[in-house]
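Annotation comment: TrEMBL describes 173-305 as domain 'MoaB/Mog'.
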Amino acid sequence: MRKVKVEEAVGMVLAHDITKIVPGEFKGAAFKKGHVVRSEDIPRLLDLGKEHLYVWEAKEGWLHEDDAARAIVEATAGTGLTFSEPKEGKINYVAKFPGILKIDVERLYRVNSVDQVVLSTLHNNMPVKEGQVVAGTRVIPLVIEEEKINQVKAIGQKSPLIQVIPLKAKKVGIVTTGNEVFKGRIKDGFGPALERKMGHYGCEIVKQIIVPDDTRLIKNAIIEVKEAGAEIILTTGGMSVDPDDVTPLSIRELGADIVSYGSPVLPGAMFLLAYWLGTPILGLPGCVMYAKQTVFDLVFPRLLAEEILKKQDLIQLGHGGLCMDCEVCRYPACSFGKA
């Protein structure tokens, strides 16, 4: 690549896009990389403030920005992604379907430690929509040493650094506990709230059973909804430290492996996650009925992505785990659940 005066560039090949900006109206490439400069282009180029141009001359050991971006994508991208064509040296990573975005954050930092390489992403574990841009990459100069891109390739060779895991609709069983609900003193508020949430994810509620605060009956109800085909079991009520609340005890006595009773998420502190015979059991606190977003909204999509959650996964939710309870909820386009 060499620098030439605009007037001397006729017949030469542009080594880069030339951007035109009209505030509030247009921002894009007036001339694309690879364009052969014509005499009639000279006045337009001068109007854009271009008195000199870079024209392409390939050199061994160097990569053009577009080729470098393609190499970074190849080194870092996993499943569930499509990609834009290079535009002004940048390539976007785009979600192929609704899912959970997974970022290897430590290796992302290592890639960005390579001089003149840029890889920018949304947050790890963020729910994303089909067609959503989830990451972008480029290099800073118009040409870059191939050795720097080789460093990126070495970082990315272990496993995908960026990928989207699809959400799979599951069959869900609900066990609602509480003497006051069982005896008809109050109306069940969890059922309708969870029905709305399950509809959002395309999940089928195979059965809901309402039982009193009795460990034997709670255990039997959990067994019954599992036998009805539930792949995820939601228990509601009985999650506090009140002496009448025995749902966590019932789940433990069933023989389930308790991952965590309690979460560093507000709202959602009195949350339980367990696994029983490979089936996730969630103990949901009362806030799930009325709060816009809770710990449930951070955990449930990851279960639909068939992630096996460990205690450390819940511990990490504490960073970004405070919902700001905005008047107009914009989740997931906010800080909630973002580390």
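Every residue gets a Cβ built from N, Cα and C, even glycine.
No curator has checked TrEMBL annotations; they are predicted automatically.
Averaged across the domain 'MoaB/Mog' (173-305), pLDDT in this predicted model comes to 95. Helix, strand and coil residue tallies for the domain 'MoaB/Mog' (173-305), in that order: 50 helix, 35 strand, 48 coil [DSSP].
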